[in-house]
């Protein structure tokens, strides 16, 4: 990577965790991802979750239809794991190059996860098949028991679900997605080569004070929820260390304005427009720009066993204003950092 004071040139990055939704929302948000990233792991939690090969093929085509001319972008599809999922269907999708990975949502952990897994034991035959195939398991790592505090869900998940699972299936490739705690950072750091993590820009930039002090900021509300500053600092230190099993996953998750700014608002930050520049700012603040390219462009392909992208992206130190909103057909989207200025932007 070359890193003059005003320009960062890196291999074209990938986004290893994104929500593109469907319908008009999909058409609005896809270009923000396809313009910058060569590939993206697309989450399967639509209102009707992606649980079959045919559904994934159809969804992939809807995504490709929304990619503007001139964008070179490959959506990597995932299968939504349910208690009743057929392991043969999953294997067929993997062998046919339709499914890149499978996603484990604990039931009711986040948006459109009511169809999720009630217990790991319920899907053990599927997970055993994935281990044999070398197919990555993507995990939303939170328990959802009513008696567990929302700020403790991730740490409890490590002890009660993640570690027992990895002890049982020792060569299953696992991505601990959007980690938010020092517990998870340490767990991944201490893990072996079969365990990796994605980290979002919001969890590197903010903590729960930013969301709650001086008024509630609904556009910082996401799941897993922002944690204390000690957890934010642990994530920042992990990426700044050059740790190679952590990589870019924005978890960009758009919801229309009226679904965010309401008495019972939805979880998710639509960060696709400013995510790459946000990551760059964090790495710069941590004096870790030497590790920026690996986090964005190299570590993910290495874990997934995929080639690195051939193109390049340049970020320039050119302050840009993030728009207050982005138009939808019948509403608007409020992007991450709306109305603020970002100091690194992607050169067009």
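Numbers here mean position along the shown chain, with the first residue as 1.
Each residue, glycine too, has its Cβ placed from N, Cα and C.
Around the Cβ of residue 251 (active site), the number of neighbouring Cβ atoms within 10 Å comes to 27. What Swiss-Prot records for 251 is active site, and it gives sequence analysis as the kind of evidence.
Look at residue 19 (Zn(2+) 1 binding site): DSSP puts it in coil. Around the Cβ of residue 19 (Zn(2+) 1 binding site), a 10 Å sphere holds 26 further Cβ atoms from the protein chains shown. What Swiss-Prot records for 17, 19, 103, 251 is Zn(2+) 1 binding site, and it gives sequence analysis as the kind of evidence.
What Swiss-Prot records for 19, 20, 21, 45, 140, 223, 255, 267 is substrate binding site. A C-beta separation below 8 Å, combined with a sequence spacing of at least six in one chain, links residue 20 (substrate binding site) to 26, 29, 30, 33, 40, 42, 43, 63, 75.
Secondary structure at residue 140 (substrate binding site), taken from DSSP and collapsed to helix, strand or coil, is coil. The Zn(2+) 2 binding site annotation in Swiss-Prot covers 103, 140, 178.
The N6-carboxylysine annotation in Swiss-Prot covers 103, and the record cites sequence analysis as its basis. The C-beta environment of residue 103 (Zn(2+) 1 binding site), restricted to residues of the same chain at least 6 apart in sequence and closer than 8 Å, consists of 43, 44, 45, 78, 79, 80, 81, 138, 139, 140.
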(message) I need the most crowded of these binding-site residues: 223, 267. Count other C-beta atoms within 10 angstroms of each C-beta and give me the top one.
(response) 223
(message) At a 10 Å cut-off from the C-beta of residue 21 (substrate binding site), count the other C-beta atoms across all protein chains.
(response) 24
(request) Round to a whole number and give the Cα-to-Cα distance in Å for the pair residue 223 (substrate binding site) and residue 17 (Zn(2+) 1 binding site). (result) 13
(message) Which one is it, among the recorded positions 178, 251, 255, 267, that lies nearest to residue 17 (Zn(2+) 1 binding site) by Cα separation?
(response) 251
(request) Please state how far apart, in Å and to a whole number, the two most distant Cα atoms are among 19, 20, 21, 45, 140, 223, 255, 267, the recorded substrate-binding residues. (result) 19
(request) Other than 17, 19, 103, 251, which residues of the same chain sit close to Zn(2+) 1? List them in sequence order, counting a residue when its Cβ is within 8 Å of the Cβ centroid of the site. (result) 18, 41, 42, 43, 45, 138, 177, 178, 249, 253
(message) With DSSP assignments reduced to helix, strand and coil, which class does residue 103 (Zn(2+) 1 binding site) get?
(response) strand
